[in-house]
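Asker: What Swiss-Prot records for this protein is below:
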- 1-21: signal peptide (SIGNAL)
- 22-623: topological domain 'Extracellular' (TOPO_DOM)
- Asn24: N-linked glycosylation site (CARBOHYD)
- Asn38: N-linked glycosylation site (CARBOHYD)
- Asn299: N-linked glycosylation site (CARBOHYD)
- Asn386: N-linked glycosylation site (CARBOHYD)
- 624-644: transmembrane segment (TRANSMEM)
- 645-657: topological domain 'Cytoplasmic' (TOPO_DOM)
- 658-678: transmembrane segment (TRANSMEM)
- 679-691: topological domain 'Extracellular' (TOPO_DOM)
- 692-712: transmembrane segment (TRANSMEM)
- 713-732: topological domain 'Cytoplasmic' (TOPO_DOM)
- 733-753: transmembrane segment (TRANSMEM)
- 754-778: topological domain 'Extracellular' (TOPO_DOM)
- 779-799: transmembrane segment (TRANSMEM)
- 800-812: topological domain 'Cytoplasmic' (TOPO_DOM)
- 813-833: transmembrane segment (TRANSMEM)
- 834-840: topological domain 'Extracellular' (TOPO_DOM)
- 841-861: transmembrane segment (TRANSMEM)
- 862-912: topological domain 'Cytoplasmic' (TOPO_DOM)
Amino acid sequence: MASRQISLALGFLAFLWAVLGAQNKTEEVQCRLMAKFNLSGYVDAKNHSLVIAGLFPIHSRIIPVDEAILEPVSPMCEGFNFRGFRWMKTMIHTIKEINERKDILPNHTLGYQIFDSCYTISKAMESSLVFLTGQEEFKPNFRNSTGSTLAALVGSGGSSLSVAASRILGLYYMPQVGYTSSCSILSDKFQFPSYLRVLPSDNLQSEAIVNLIKHFGWVWVGAIAADDDYGKYGVKTFKEKMESANLCVAFSETIPKVYSNEKMQKAVKAVKTSTAKVIVLYTSDIDLSLFVLEMIHHNITDRTWIATEAWITSALIAKPEYFPYFGGTIGFATPRSVIPGLKEFLYDVHPNKDPNDVLTIEFWQTAFNCTWPNSSVPYNVDHRVNMTGKEDRLYDMSDQLCTGEEKLEDLKNTYLDTSQLRITKQCKQAVYAIAHGLDHLSRCQEGQGPFGSNQQCAYIPTFDFWQLMYYMKEIKFKSHEDKWVILDDNGDLKNGHYDVLNWHLDDEGEISFVTVGRFNFRSTNFELVIPTNSTIFWNTESSRRPDSFCTQVCPPGTRKGIRQGQPICCFDCIPCADGYVSEKSGQRECDPCGEDDWSNAGKSKCVPKLVEFLAYGEALGFTLVILSIFGALVVLAVTVVYVIHRHTPLVKANDRELSFLIQMSLVITVLSSLLFIGKPCNWSCMARQITLALGFCLCLSSILGKTISLFFAYRISVSKTRLISMHPIFRKLIVLVCVVGEIGVCAAYLVLEPPRMFKNIEIQNVKIIFECNEGSVEFLCSIFGFDVLRALLCFLTTFVARQLPDNYYEGKCITFGMLVFFIVWISFVPAYLSTKGKFKVAVEIFAILASSYGLLGCLFLPKCFIILLRPKRNTDETVGGRVPTVDRSIQLTSASVSSELNSTTVSTVLDE
């Protein structure tokens, strides 16, 4: 029995040993942090129901780890940042202020756990892991190291740090509210679902910068960015907006996060060699500090810098000794504010309050350049390589001991400067945003909540992060300035403005940030306001606004000619073509002038075209008018002579009626040339051709009547036979038929397709030639074709009858008249076709006058000569001639011919 009990006891012990061994084995394989992170900061979580985490760049960098050490090491930090220290103190001050209020979280108090991010991604990620796990936990339990509920994070003090932290915290949907991270990628809710911020995105800042560039007329701007998310995405957005505005980025370089002489010199070279005099700097003050030293080292002073909100008010850059190089900097900053009670809270800091507060000790040592007694806290340490890249710069601890009696009132540093509380104000608003979200969550009424089908509520401290995010997305509250803080769907500040700041040097030799304008934004509406009376300091030799262009703006009269393979701001100025103008400077294309206008000599303005037509007032027109009137007077003079001597044998032998018709037609043709002179109009275009055609028709028809009479007379003299009588009525009938036929064709011409006036702008671009469009070419050719046919018949009949008796030379006169007529109009054709404008009209008038003068001279001047100067030859015996040589026995006088013809029924009558 005893042995049995012993066996059972041994078995139980074996079982217990196996179970405990298995448990120990399980614990050994549990996931845990491999080592503790070297983090510094502040914590106050005891006796508080909620804790807000904070990440602030209290230091500006980490100390490089010795590459010989193989084991992973959490690096130390260096480069105390007074600005980041003030932001951290502002968070603590705000939490204490909220805890004292009764209208926000009345039944709860807030604690905090704040870590120093050292402005380094690795430290931001270390801190994020600790926020989720604590340094001793095996897995995330959403409690900090004090055990209180972690609600949200304020931070992380830089875009790249916020991106890194949010990629970890976003996995658990932990709310993160940024106070200075403006990188546009953080607006992407797919990548960063739980990130919010109380400042606008860089999309708006880039929009503001481009508007500023456009306002000052700059088109060629350089860009330099930090080699991080803030710089890369900022410049990317800036370039896109510059391209949309048809502006150009001359160069784009980066400032290395870890000093690289090669990369830094590349950026410096771009600044020195580029023609761009305006440069945008997308970087933080910490990253910019070394670049500033490079600018000073290379003595680059003639540049205008456009600053972003990350460094525009930074005391690290805005030092009086930097003003010759960066004076006149212009840029954007979020609105500044006055925070009640903050200044007193900032002064309430002293190492004696907590001997273990290493950050306060380092602050004191750095501020007063002394060493705190019995402290091993280093300060003023800089392990970065200098600009030569060949040596380290290390500042040892001061031999002077701190007494503790030093007065903060004697300091002039960023920490105590409360005149430019811009990002500091945003730290306060970030804390309040979380507090208001928690307050809304705590006020949920059971059965009226937003969660689940039962409208459940979430409760403190058991809520989940995603439940708090529901309220954070809907956040809307009034700040301490009584201004609304509203976030949009991307978690960015929806409404607000940027101040436009300009760096001046005040009377005390310090840099002052002068507000010269503002950029208002409300949803998608933007407005840049810079009053004309704003006092802007420009760091140029002339103290005037600088120009920044690749190619100077093309003057009026030229257009931009894009250079192949170069930005659109680099171009050649090409003169506008004839007929095109550019009235403004910098036009891309020349504008065509209107139909009635033409470009001036400078191609800068459209001027009315010169109007050309054969005017009465010009020399050529006046000469032709004189010739026309003179010709008409000569014809009238001949008519007077004929009327006075109408009973003389010579006039009677020339058929007086037909002669008068010829004289009248010559007056018509000569005076019709006046219709070709002067500014054409529709009625004159129709009248000129019709009048000319009818005049020539009457003239040639009358001549044709005469030539037929001569032809019959010649046939009688040759054949000695009696022909059919040519009674005078038949000659008149020939004239009537020809004229009536011509009138019919002209009427059809005017009705169907009449000539019209039109403005010819094709022959000479600089002129508008007023001329007549002759309408139907077929009708016009038909009309004048009939005249040519009549002239040809006249010539043929008179040519046959040219051998009538010598003293009777009517046939010869008509023959010569027709020859002159043909010569003139045959010569007219090539001359007319080879001339343009008013000279073409002058050629036509000359042909009309020449042919009219030719007919007048050949038909009437010889007879007038006899009538007026040789009256003795104006007798029946003299006027009658001899029969041609083929039959000299036949004498043909006017009397004998008349007697002979009148004595028979078949005869040819030469006269009545």
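Numbers run from 1 along the shown chain.
Just so it is clear, glycine is given a Cβ too, placed from its N, Cα and C backbone atoms.
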Asker: Who are the long-range neighbours of the transmembrane segment (692-712) in its own chain, taking Cβ under 8 Å and residues 6 or more past its ends?
Answerer: 654-655, 658-659, 661-662, 664-666, 668-669, 672-673, 723, 726, 731-732, 734-735, 738-739, 742-743, 746, 783-784, 786-787, 790-791, 793-794, 797-798, 800-801, 804, 810-811, 814, 817-818, 848, 855, 859, 908, 910
Asker: Taking contact to mean 3 or more CB pairs closer than 8 A (sequence separation of 6 or more), are the transmembrane segment (624-644) and the transmembrane segment (733-753) in contact?
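Answerer: By the criterion, they do not touch.
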Asker: Of all the glycosylation sites given, Asn38, Asn299, which has the fewest Cβ neighbours within 10 Å once its own Cβ is left out?
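Answerer: It is Asn299 that, of the glycosylation sites Asn38, Asn299, has the fewest other Cβ atoms within 10 Å.
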Asker: List, by number or range, the same-chain residues at least 6 past the topological domain 'Extracellular' (754-778) whose CB is under 8 A from its CB atoms?
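Answerer: Distant contacts of the topological domain 'Extracellular' (754-778): 578-579, 595-596, 598, 609-613, 679-682, 684-686, 688-689, 836-838, 840-841.
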Asker: Give the mean pLDDT for the topological domain 'Cytoplasmic' (862-912) on the 0 to 100 scale.
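Answerer: Within the topological domain 'Cytoplasmic' (862-912), the model's average pLDDT equals 50.
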Asker: What does the structure give for the C-alpha distance between Asn38 (N-linked glycosylation site) and Asn299 (N-linked glycosylation site)? Integer Å is fine.
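Answerer: If we compare the Cα positions of Asn38 (N-linked glycosylation site) and Asn299 (N-linked glycosylation site), the gap is 41 Å.
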Asker: In the same chain, which residue numbers or ranges, 6 or more beyond the ends of the topological domain 'Extracellular' (679-691), come under 8 angstroms Cβ to Cβ?
Answerer: 611, 613, 615, 668, 672, 746, 749-750, 754-757, 770-774, 780, 783
